[in-house]
Every structure is written in structure tokens, then in C-alpha cells.
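As C-alpha cells, the structure follows; a few thoughts come after it.
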Amino acid sequence: MAALSKSIPHSCYEIGHTWNPSCFGSYLQITQGAMEESFKIYAPLYLVAAILRRKNLDYYVHKLLPELLQSTSFLTANGSLYIAFFCILRKLLGRFYFWTPGFGAALPASYAAILIERKSRRGLLTIYMANQATEALFRMGVTRGYIKPIRHGEVLLFCITSALYMFFFRCRDGLKGFAFSALKFIVGKEEIPAHALLPENMYVKAEQKSKEHRGLSRNSLKRLMDIICKHGPRHRCCKHYEDNCISYCIKGFIRMFSIGYLIQCCLRIPSTFRHLFTKPSRLLSLFYNKENFQLGAFLGSFVSIYKGTSCFLRWVRNLDDELHALVAGFLAGISMMFYKSTTISMYLASKLVETMYFKGIEAGKCPYFPHADSVIYAVSTAVCFHAAVMEVQNLRPSYWKFLQRLTKGRFALMNRKALDVFDSEASKNFNNFVPKLDPRFCIVKPELPLDFS
């Protein structure tokens, strides 16, 4: 708490924009760099999204560019307004306090910036930044000894989140939209309660028709596989009519393992092909990389454990119950041991909280707060900026790289050595970096002792 009462008399040039003594000149440089990088980030993102959603020609002609420029303006404003409020606060207060270089300057800048962005994107941005801020605050608590980290905590969080997600998935009107479609794709329609409304004889008839239509072209191996899959233990409550319980789980594992393996391969293609001509041997690493198999094992085991547990509980209890999804979902979450990811756990947990909150609003049990997404985004972004200034070691490395890219590397040029007086180890990861300042624009000369009032 003693650090909160301290202050330093340095100017905004000596602490913040050390590369340029002019506040306005620094603002223009940050704006230019942020605009270039924002456009590079959003241009391919919007183009790929439009292609995947199969937008018509009218969208490309009339809507794509305005939406792209709006998002670019939002991200540019978030960076440029931060340096603007950084200088404004210094001039208004006359000194720098613990909260002003990071949180104080980023809060109004982030709130003003998010109002520029389209409303349809604010919710997603809020969840993303809330995840970043929560992780940063957690690391701050661990650093200060306020919080004791739990071993495999991200796996435990994923287990709890998975259990609740699968329970809502099994309940009628529990999940809607993308979340429902995604889980339906992952675990299959056989686990949807509405699927039980379709009588078994419909599947038998469809199966017989497909046999008659394709019987001539099937080989003996295919026929043997059908016999193995369909002639085995299957509980009367199980809706996987074309498989027994064992083959149902095995097929689920193979399918999602293949999808996870291919996804990770596709993600590695750009970095691999950059070195195709200089190091051709790296092409083999695209297919034999450890992470490819880890993601495949994670997705495959998640589905097989969930399906296997669901079938087991139907056999044991002799009924199909939505509560089975809680147990099956929790056990399936252990599959994250193959592919540990705090990002995935935090994101899904945040989306779950959002889902439950909106369900509470629909039920009339939770109050609705207008502009809550904008406020949460502003506070979360301010926390992340504060961590980036005062204790970057507690910020997620990927977000620090993003800030560096957005500011063309200028975020690392801040005089964090002078901020060490606030006891946050601001210069810890910067090798005691001290910027070269023009003495003509300095309030505090390097050789003079500082007065911390």
C-alpha cells in the first residue's frame, strides 16, 4: 500500500514517449503505426470470415470495407488515445502516481475506443479482454503471495466448465446458436435429447435402404466392419443405432483425433512454408510435430470419454438422464491433460458465465446493465495496460507481443527503471534498460536524487 502513496515528478517524455519529446508528435507516430498494424490484422480476418460465411457479392461491394475500417479505427484509437491520456493525466496531476501510467490512462482511452467498434463485436472483445485481465490479476496475486496456485488448475477449471456446458447441451433450450452447433458437431447428434423423439425403426429402415442401394458395391471388409459395429452391446436408451457402445466410443475418438491433428497441421503451414526453401527438412515436422498429436489426443479422448461415460451410466441406471452429462462432461475434461491451455479454459469459462447471466436475465432473476460490455472491456483493457507498464512479467506473453506490434515496438521504450520505486519490478524483464533522453526536455536530471512524496 505504501507504493500507492508515492509519486514521481518526471514528465511524460521521461517516462512514456521517450523516443520523441513532443506529445503531439508521439501521438501521431503511435496513431500511424497502430493504423498500419490494425489494418494488417483485420483485413485477412474479415476476408476469411466473409468467405467462410459465404457472403454474397453485395456484402463485398458495400459492407466489407466499412466494417473493416470501423474495426481498424477502434483498434487504432485504443492505442493512440492511451498515449494521449497518458500525457493529459501527467499535465493535470503534475506528477506520476502508481495508477496513472497504466490503468488511469488506459481506462478512458479503452472506453472511448470500444464505442467506435460495432455493437455485434463488443461482446466477443469484452470476453477476450476479461480473460486477459483475469489471468493478469491472478498472476499479480501469486507474485504478491495473496493467491496460492493450484496444480493443473487449468484442467480443473476446464472439467467444471465442460460439465456445465454438457449439462446445458443435454437440457432442452439449454444452449443456442454457435455453442449448441459446436457441441453437436463434436459429440454428435446422438446425445441430443430431441434426438430421442425419432423412433429406432426409422434408423433401421434407413439402414436397410442404404444396404439395398449400396449392397452391390460393398466389399467383404466393409461388411465385416458393419457386423462388428452393429452386433454388440448397446443399451436400449442409447440412440447410436448404427453402432454398439464400444464402436461408438472408438469411432468418436478416431474422428476427433483426425480433426484435431489436421487443425494443428493447418496452423503450422504458414511458418513451415516460410522455411521451405532454406530448410526443406522442416516440412516433415509439419506432420510429425508433437503438438499435432497432443491436440488430436485432447479432442479424441474428450469425445470418447464423454460418450463412454454416458453409455456406462445408461447401463448402470437403466435410463437416460440429463444429469449424466454433468459426470460425463467433468470426466471428459480430464482430456485437457494432453493439451494444457489456460487460454482455452479461461475463454470457455467466460463464455459459460455469459451464457448463465443471459439465462438469468431471461428468467428475470438477474438485472440487465446497459453498456456493461463496454465498461467491462474498458476496465479489463486498463488492467492489461497497467500490467504492461508496471509488471509485464505478469502479462500473458502473447498479449505483450500484440502490444509491441501495435506500437511498432515503442511500448518497450518506456522508462520503467524510474517506475521501480512503486515496488512492482517494472524493469525486471528489460535488463535495466534506460532510454537516452534529451536533457533539455527533462525535469529530473539523472544525477539528481529523486524526491518521492
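For all residues, glycine too, the Cβ spot is worked out from N, Cα and C.
Swiss-Prot assigns the feature transmembrane segment to residues 293-313, out of the candidate ranges 125-145, 251-271, 293-313, 356-376. Among the residue ranges 32-52, 326-346, the one that Swiss-Prot annotates as transmembrane segment is 326-346. With pairs at least 6 apart in sequence, the transmembrane segment (149-169) and the transmembrane segment (326-346) have 3 or more Cβ pairs within the 8 Å limit; the two touch. Long-range contacts of the transmembrane segment (96-116) within its own chain (CB-CB distance under 8 A, at least 6 residues past either end) are made by residues 3-4, 6-10, 15-16, 70, 73-75, 77-78, 81-86, 89-90, 122, 125, 373-375, 377-379, 381-390, 414, 419, 422, 424.
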